Amino acid sequence: MSTGNYSHYTLVQASAGSGKTFRITEDLAQAIDEGKDPSRIIATTFTKDAAAELAGRISVKLVEKGKVVAAQEIDSALVGTVNSITDALVRRFALHNEISPELAVLSENAEKLAFDTACDEVLAAYWEAHRDLIKRVGYAGRRTVHGGLTEGQGVWTDSVKKLSQALRANAVDVNDRNDLEEHISKSQQAFADNFDLGNETGDIEEIVGRAKEAYDSLMEVINDDSTEEKWLGDEKLRKTSVTSLKKNHAKRTKIYQRLSANPAAVSWGEALKLTAGELVGGPKVTGPITTTFADEFPAGMGEITKLQTFRDDTFDIIRIAFEAARDCVNAYTEAKREAGLIDFTDQEARALKLLQDPHGEASEWIRESFDVMVVDEFQDTSPLQLAIFLKIGALVGDVRWVGDPKQSIYGFRGADPILMQTAAHAIEEGGGQQDSLSMSWRSSGIPLKLSNEYFSRAFADQTNVTLKIDEARRERRRNIDHEGRISVWRNANAEAKVGLQLTVPIVKGIQELHAENPKQSIAVLVRSNADAEKVLAELRQAGIPATGKDVSVDEEVEAMLLVAGLRYCSDGSDRASLFELITLMPEHAAHATWFKELASAPDRKTRTELKNSWADDPSLAAVNEIARHIGQLTPSRAITELIDALDLRARIASSPSPAGRYDTLLGFLEQATIYESDREGIGKAATVSDFLRNFDAEQRLTNGKGVVARSSQEAGSVFVTTMHGAKGLGWHTVILGLKKSNDKLPPDVWTEPTDSGAFTLEAPLEGRHVMFWPYTLTAQKASKEHFLKTPLMKKREERTAEENKRLAYVALTRSKEHTVFVATEKRLDSHDPLDKNNVVLSTNDAEGTIAISSATTEPVTLPADFRTYSEDDESGAPVSNEQQRLLPEWRGESTRTAERKAARFAASLVTSAGWEDRADTAVVATLGARLVEHGEMDWNKVGDAIHTYLGTSYTALDEAAQLAHAEAILGRWGVSAIEAKDLVEAGRRWDAWLTENYPDAPRLTEVPMRYLADGQVAEGWIDMLLDTGDDTVVLIDHKSNPGNQKPAEFVKKHYLGQMATYRAALEAAGKRCDRILIHLPLAGAIVEVAFRDEPSA
């Protein structure tokens, strides 16, 4: 495994809370105290903050030892992140790299922007050259805003970019034909071996033909009128199956005709579905179809994988993806060269190149300049960084790696725990010393025993897993072994949506904790950024001081005001931002009347004069002053001035969490500062307009966050973050928000590690292979299951499970006194990331215990308290006097309520709660027979399709054009639950009724609605308004759900709140609702809603 001498290495395993930073500080301070020159120390850490903390602690320790001069010289040590150290090395020997020492280094954000820009032209060229192949293998899709795919099984551009980054991260020489070919052939051969690819003749057209023949033969049986009973072989078909097949025959036939007419446009994924009788955009598969197609395609997925044409396409797309990645890397390299830029990966690669020669100038400089190297958090090291550390380690006399393999959770950032574990083992074999920290300096007895018992089972094959409590701590706290708590919180309503099962117990439980001790430090750790945003929003809405790490706070009023103000200053013609400011500023003269005034204006000239007068309102004077010189301001300066101009500090002073809310402003300011740094890094100007363009582009990304809050330092403020974001931190109480695993496919690009027997420390990157497998075979459920059970995918699954186990370790070792499980499933061990660790967590609510066990160990029982919470609970502590700060006297008393409400809400989400006794509903028209008996899952797409059709000018089309129009809309939305003829019929009925009852009333469709009431902004779209004159309207809303057999009761149960909100918005705009009608097109009914004389919503 290794032939070198590593006896000068010491590997220190530091479990969570065991005093890792203290140990590093003590070791380095002692080395300096014993005569080591501070300037001869290299120490790398994971973050800049950690580097600053380490240097500060060493300095303090030296002062304590009386080494004041040495403490003052600690700045001469090379202490920093890996990138700061490689940057120092590269700049010192820049001429050896044939680069300028003045090169600018791209930040992570700027690097992504520059890389994407450089790749665009390359990817466009490959798309044009290989469009048909890319479509055939299912990689022509795009990502939706929610992260889903518009079509197929992958996104070509995404995969190539990931492949480019993986090649760079593993130091693959993309221009070495043999080197690149090794990676290509490895992916191709592994795919062929795992799926037993064949070389039989046949193609997609043949699959389509066989599928159509199989379907036609089935329908011959179904349509045979000579016998009432239908038999498929020995199986008698049920009447419901026969009826279903006949009902959907026309739709299936039409799809088969389309596929047969143009088989070249059919993808392998669609062909794979065909082998199971599935049709994209078609009706659901029934039993007779499954039987028929199993007979026709007995090999299932093998019917595809045995074909030479499939093998050829798969091998071609793998090769083309690698070649496109190569060209992207080269284009990016050339773009950086022309711009005089490098990025972090360049730094590492160039530093490694400088150190390859052990007698080169860079190596000699390290040897002559440094004696000690310390690597903190070694488990998070990337392959390139490991190679650098080993090169430096060979040149100094004392090497110390400190970290914890159990906390390696950054695989998605390039860390490779398998590589690091293999390297550590090789160092030990080469004479390196092993040490471990065995005492817990963080947790009390009960939380510590929970983590000890759980992970001694989860990591049963590892040593140094458990920690003990030091005797010195026991002297101070005699009962520490029995101190601390474990709690399990649940929503009392087990049928509530998963989101509420998570947020309700968290909010109510924290209110109780604050009642006990409002100053205790509390963290909520969840699995995803989306969950973190929901939890943070609910906490703030409940008036609980809360902040987050990289969590979106777009819905905060101050965030909305700040963004609107920035847009207004950047572009004076942006009237939307002016209206946003007016809506959110009660002191503006037109705050309550602007919409009514605008709607009542007789002509464009009058409307323009109104807008100009509103822009000149005294409340916007300070904002207008900023707008006049916005071109001279950086984004951060503009934001700073707008915070004052909009008086945002005073606006948030009376909120339940003023310090936490102020972090919203600081977070946006921080984003602007990062943007300016990025622009400086690529030699570009930082302007407000460009910052807003970047801000908008980032928001449109799948994981875009908009405005993010900065972490708060306010005592008692709840910290919300992901489990990944909690690493290295600790709190009094840690609440784990747990949900069931979301089984996603692993990335189609990954790196296969070196076989342990072939690994050497002298060449740590050799034997690693960057892999790409197209996910074509995941298009169909059964084949996807087979895909995931292949030997190589099983290995990947095992590695993912190990990383989730390590994530569980990080999450369960953060609490000092109190660990809380918020459970959304019945069993604790069915939640992510506790579900695949081979450890059983069983609860006994009656006895108040949690038992921890495994297949090979006896259960250990720990005390726990169990609570259930309801949305109606009146729990929690009142807001403290310290938090109830008033606005300045000149601004008057705050009109905001103590209860925090969401800044925006969708009117369509307002329920009927509280309205049932204040309104009457009745069916006022029956348009015809029901078109659909009941709704199905994912019915929202049906609603989108119906609203789209009814919102268009379909009445201008003839019957054939209407049918084609309806088919196009249903196809675009991927809807198969209703047929185009039903949609056309619904539209015909609706138009006939309108023409008969309101022949002269102008029809306004898809009318945007925005309404401010009680500090909240309601937003939505009114489906239709009929203008009946004299400022009266008929409010109409289409509902796609056919409901039950009693439409009036159905409407009363679900939609009164929404209609009340719409009516209030119209009244605020000076419009009176003559009638409120809900059109149920699929139920063939119109229901009228009549509110009694009560205040508007």
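Including glycine, each Cβ sits where the backbone N, Cα and C put it.
Straight from TrEMBL, the features:
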BINDING   Ala14, Ser15, Ala16, Gly17, Ser18, Gly19, Lys20, Thr21  ATP binding site
DOMAIN    1-444  domain 'UvrD-like helicase ATP-binding'
DOMAIN    457-728  domain 'UvrD-like helicase C-terminal'
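Taking the features listed in TrEMBL, we show where each one sits on the structure.
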residue	record	CB count, 10 Å
Ala14	ATP binding site	26
Ser15	ATP binding site	26
Ala16	ATP binding site	22
Gly17	ATP binding site	21
Ser18	ATP binding site	22
Gly19	ATP binding site	17
Lys20	ATP binding site	22
Thr21	ATP binding site	16
(Q) On the three-state reduction of DSSP, what should I expect for Thr21 (ATP binding site)? (A) helix
Q: Determine which residues of this chain, when Ala14, Ser15, Ala16, Gly17, Ser18, Gly19, Lys20, Thr21 are set aside, have a Cβ within 8 Å of the centroid of the ATP site's Cβ atoms, and list them as they appear in the sequence.
A: Arg23, Asp404, Leu437, Trp441, Arg442
Q: Going by DSSP, give the three-state secondary structure for Ala16 (ATP binding site).
A: coil
Q | Mean predicted confidence [pLDDT] for the domain 'UvrD-like helicase C-terminal' (457-728) | A | 81
